[in-house]
Amino acid sequence: MTNSNRIKLTWISFLSYALTGALVIVTGMVMGNIADYFNLPVSSMSNTFTFLNAGILISIFLNAWLMEIVPLKTQLRFGFLLMVLAVAGLMFSHSLALFSAAMFILGVVSGITMSIGTFLVTQMYEGRQRGSRLLFTDSFFSMAGMIFPMIAAFLLARSIEWYWVYACIGLVYVAIFILTFGCEFPALGKHAPKTDAPVAKEKWGIGVLFLSVAALCYILGQLGFISWVPEYAKGLGMSLNDAGTLVSNFWMSYMVGMWAFSFILRFFDLQRILTVLAGLAAILMYVFNTGTPAHMAWSILALGFFSSAIYTTIITLGSQQTKVPSPKLVNFVLTCGTIGTMLTFVVTGPIVEHSGPQAALLTANGLYAVVFVMCFLLGFVSRHRQHNTLTSH
């Protein structure tokens, strides 16, 4: 693979995460405007965004098999066509059914692109370099999560219609589409070059189960936590502005942590540092949940920084459980994380209704403790060390 080709594929991976981050995180900014547009209460409007999450989940799950049937370049180019249709649907339709369909299509495009982006990084890089590259790729999710809400605020403050926010997000996919030209993608399944040697089927092992549970609990815990921090902070007497600042600080610290750990991870065994970070994150979340408002800003900054590398390291370790990175395995771990996203309000909504926001935060804390236990148990069964030894010779 030529260096310029590798750079193009790496940028496609970066932008695939930016696309998903923009679509998922901008929701809170535009929901009120969309509710007014359709003359609906915000509470019923929020349910239609489940179509976005469902599209992401279904496409990540199915793409484990689709990757071996449909070439990656074809998928990305077809995704561009779907993106144009979805944004056009949002712009020219006043029907809630068509809005929901467009959201589902955006989710499908986003999920397919993100699963391809993840696979490209696991395919191009090995060992500890794979972990640091995946982490840097994941930081584009947070970066888009910071940039696009600012773009949305800028547009909405000038009374520009909400759908132009999605048109701006569509420009990320335009960049991906342009990068596919003159770029060679790894061939998979029936498109892969034929070899005389039979392909050995590798068993995944119990380590993949531990990592999948950790991925689900981590994302469910993280989103369950950050979704209810503003309500919890307001309950302690903080202003809405200060509560929002807590969330912004978390994501800013998370992004800085990703950049720092993309360098730091190269010097440590991934399973060991993952266990330490998961334990630290559980402790810092407990400090936030039980601390005074005066200390909340510092504890959430520390939590964002030290938890930033957890999810990507889980995916990296998953890809290292087999000698050759398996798209099915990587997508399985990703799917488990996406299920965590889907379950966020299903799990935390009733808890908040019965016991208040702090109970949801303590539930998230318990989920982080489960992540720590899974990472600790992984140390006894993980195959990443033997595969790293093989690839380094």
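Including glycine, each Cβ sits where the backbone N, Cα and C put it.
Sequence-distant contacts of the topological domain 'Cytoplasmic' (1-10), counting only residues of its own chain at least 6 positions beyond either end whose CB sits under 8 Å from a CB of the stretch, comprise 120-121, 124, 133, 137, 179, 182-185. Annotation source Swiss-Prot lists topological domain 'Cytoplasmic' at 1-10 (among others), citing sequence analysis.
The transmembrane segment annotation in Swiss-Prot covers 11-31 (among others) and is backed by sequence analysis.
Per Swiss-Prot, the feature topological domain 'Periplasmic' maps to 32-50 (among others).
Annotation source Swiss-Prot lists transmembrane segment at 51-71 (among others). Proximity of distant same-chain residues to the transmembrane segment (51-71), defined by a Cβ-Cβ separation under 8 Å and at least 6 residues beyond the stretch ends, is recorded for 20, 23-24, 27, 100-101, 103-112, 114-116, 119, 185, 187-191, 327-328, 331-332, 334-335, 338-339, 341-342.
The topological domain 'Cytoplasmic' annotation in Swiss-Prot covers 72-77 (among others). Proximity of distant same-chain residues to the topological domain 'Cytoplasmic' (72-77), defined by a Cβ-Cβ separation under 8 Å and at least 6 residues beyond the stretch ends, is recorded for 12, 63, 66, 112-113, 116, 119-120, 176-177, 180, 183, 185-186, 188.
The transmembrane segment annotation in Swiss-Prot covers 78-98 (among others), and the record cites sequence analysis as its basis.
Taken from Swiss-Prot, the feature transmembrane segment applies to 101-121 (among others).
Among the features that Swiss-Prot reports, topological domain 'Cytoplasmic' is placed at 122-133 (among others), with the record citing sequence analysis.
What Swiss-Prot lists as transmembrane segment is 134-154 (among others), and the listing cites sequence analysis.
Through the fold, the topological domain 'Periplasmic' (155-161) approaches residues 29-30, 33, 37, 168 of its own chain, all at least 6 residues removed from its boundaries and within a Cβ separation under 8 Å. Per Swiss-Prot, the feature topological domain 'Periplasmic' maps to 155-161 (among others); the stated evidence is sequence analysis.
Taken from Swiss-Prot, the feature transmembrane segment covers 162-182 (among others).
If you look up Swiss-Prot, you'll see 183-205 (among others) marked as topological domain 'Cytoplasmic', on the strength of sequence analysis.
Long-range contacts of the transmembrane segment (206-226) within the same chain, counting only residues at least 6 positions beyond its ends with a Cβ under 8 Å from a Cβ of the stretch, are 247, 250, 278, 285, 307, 310-311, 314-315, 317-318, 321, 329, 332-334, 336-341, 343-344, 347-348, 360-361, 363-368, 370-371, 374-375, 377-378, 381-383. Under the heading transmembrane segment, Swiss-Prot lists 206-226 (among others).
Summarising the annotation, Swiss-Prot assigns topological domain 'Periplasmic' to 227-244 (among others) and lists sequence analysis as the type of evidence. The average pLDDT computed for the topological domain 'Periplasmic' (227-244) is 84.
Swiss-Prot lists 245-265 (among others) with the feature transmembrane segment, giving sequence analysis as the kind of evidence.
Among the features that Swiss-Prot reports, topological domain 'Cytoplasmic' is placed at 266-272 (among others), with the record citing sequence analysis. Among residues of the same chain six or more beyond the topological domain 'Cytoplasmic' (266-272), those with a C-beta under 8 A of the stretch's C-beta atoms are 128-129, 131-132, 313, 316-317, 320, 375, 378-379, 382, 384-385.
Through the fold, the transmembrane segment (134-154) approaches residues 10, 13-15, 17-22, 24-26, 28-30, 117-118, 121-122, 162, 165, 168-169, 172, 248, 251-252, 254-255, 258-259, 261-262, 265, 308-309, 311-313, 315-316 of its own chain, all at least 6 residues removed from its boundaries and within a Cβ separation under 8 Å.
Listed stretches 11-31, 78-98, 101-121, 245-265, 273-293 were compared with the transmembrane segment (361-381); the greatest number of C-beta pairs under 8 angstroms is found for 273-293. The transmembrane segment (162-182) makes no contact with the transmembrane segment (332-352): fewer than 3 of their CB pairs lie within 8 A, with pairs spaced 6 or more apart in sequence.
Across 11-31, 245-265, 273-293, 332-352, stretch 11-31 shows the highest tally of CB pairs under 8 A with the transmembrane segment (101-121).
If you look at the transmembrane segment (332-352), the same-chain residues 6 or more away from its ends with a CB under 8 A from one of its CBs are 24, 50, 53-54, 56-57, 60-61, 64, 111, 114-115, 118, 208, 211-213, 215-221, 223-224, 227-228, 231, 311, 314-315, 318, 359-360, 363-364. According to DSSP, the secondary structure content of the topological domain 'Cytoplasmic' (72-77) in residues is 6 helix, 0 strand, 0 coil.
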